Amino acid sequence: MRSAKLFRYQLPMDSGVILRDQRLITREGWVIELCQDQQRAYGEVAPLPEFSLETATEAGEQAQQILSQWVAGEALDLDAAFPSVAFGISCAIAELAAELPEAGNYLAAPLCSGDPDDLVVRLNQMPGDKVAKIKVGMYEAVRDGIVANMLLEAIPDMQLRLDANRQWTPLKAQQFAKYVKPEHRSGIAFLEEPCRLPSDSLAFAQQTGINIAWDETVRDAGFEIKAEPGVAAIIIKPTLIGSLARCIALIEQAHAAGLTAVISSSIESSLGLNQLARLAQWQTPNVIPGLDTMQLFQVQLIQSWPDCELPVIPLSELDMVWHK
Ligand SMILES: O=C(O)CCC(=O)C1=CC=C[C@@H](O)[C@@H]1C(=O)O
Ligand SMILES: [Mg+2]
């Protein structure tokens with residue numbers, strides 16, 4: 001016996017969360033509940049505005065169709081579904097089948113988009129490998145270079161991840177690199193997407209010796225994973241990629257090409273973020289995932305994130321919009 005429910009959520013965000021050109025005031029999405037033989041499992045469907053091609057409404061409608069098929073015991077074609085829907089439904093199905101192991105990797109690379117002094121304090125308190133992530137490309141490229149160089153000098157055993165989100169022209173990327181001393185460049189684990197064009201990012205990596213990672217490029221039509229000089233990693237944001245099976249296939253291809261695969265958030269609620277931490281521990285066990293995004297919310301959903309003090313909204317407070 002199978003049944004399914006769909007709940008809608010709207011969560012208030014911390015002030016000042018900017019996605020590309022838009023302020024994200026509330027995070028909208030869906031919680032799916034699957035029930036089979038007295039077992040219950042959950043998944044989150046949450047297209048990210050400015051990143052996902054589908055809207056929350058479209059994702060909710062498609063989720064209902066696919067959940068109806070699941071209840072009827074029909075075969076599902078998750079490869080044809082919106083990525084956010086495929087990811088949420090495949091997670092819930094994996095939960096039901098106890099395929100997604102419980103243990104999660106909750107070690108976050110602290111994310112800094114403001115004061116680098118804060119980051120030095122957090123890193124000095126961090127056990128084990130010191131990994132941090134800074135958003136660059138928002139202010140002057142020269143300032144970014146000075147900050148990165150300062151951090152690499154202050155904490156020599158640190159592995160720094162940087163994310164430019166394709167903000168730099170090749171010239172600006174060079175201005176950044178100029179301020180990072182050559183002897184510190186290997187402390188940069190990777191710089192995500194320095195330039196608008198992937199070919200410019202690749203040339204930058206090869207000219208400067210600063211490794212890059214693909215994030216946006218992974219979602220470009222025709223993208224293929226291959227070993228290339230200067231490319232260290234690919235960033236996998238499952239809500240933007242698709243089903244668990246599709247994410248795992250990408251991770252396996254990355255590993256076969258000698259690349260690091262980093263599971264990263266698309267600003268899911270604490271419910272989806274916990275599943276991402278478990279996927280990370282399962283499929284990329286020695287890599288710190290990019291999941292330091294709970295701080296962007298004002299509340300948590302259903303399940304809390306370790307050490308997060310924000311209030312938790314229970315399932316009983318959400319509106320159930322559909323069931324079968
Ligand atoms: O990758 C991480 O460490 C955290 C997630 C993260 O940085 C992002 C998630 C979703 C959208 C973006 O604003 C942003 C990114 O720039 O990659
Ligand atoms: Mg990015």
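Indices start at 1 and increase along the chain as displayed.
Including glycine, each Cβ sits where the backbone N, Cα and C put it.
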Out of GLU140, GLU192, GLU252, GLU268, which does TrEMBL tie to the same Mg(2+) site as ASP163, ASP215?
GLU192
Ranking the active-site residues LYS135, LYS237 by other Cβ atoms within 10 Å, which is at the bottom?
LYS135
List the helix, strand and coil residue totals of the domain 'Mandelate racemase/muconate lactonizing enzyme C-terminal' (116-211) as derived from DSSP.
49 helix, 19 strand, 28 coil
Pairwise CA distance, GLU192 (Mg(2+) binding site) versus LYS237 (active site, proton acceptor), rounded so that it is a whole Å:
13
Counting every protein chain present, what is the number of Cβ atoms, excluding its own, within 10 Å of the Cβ of GLU192 (Mg(2+) binding site)?
27
Can you list which of these recorded positions (LYS135, ASP163, GLU192, ASP215, LYS237) have a Cβ closer than 6 Å to ligand 2?
ASP163, GLU192, ASP215
Which recorded positions among LYS135, ASP163, GLU192 have CB under 6 Å of ligand 1?
ASP163
Other residues, Cβ within 8 Å of ASP163, GLU192, ASP215 Cβ centroid (Mg(2+) site):
ARG161, LEU162, ALA164, ASN165, PHE190, LEU191, GLU193, ALA213, GLU216, ILE235
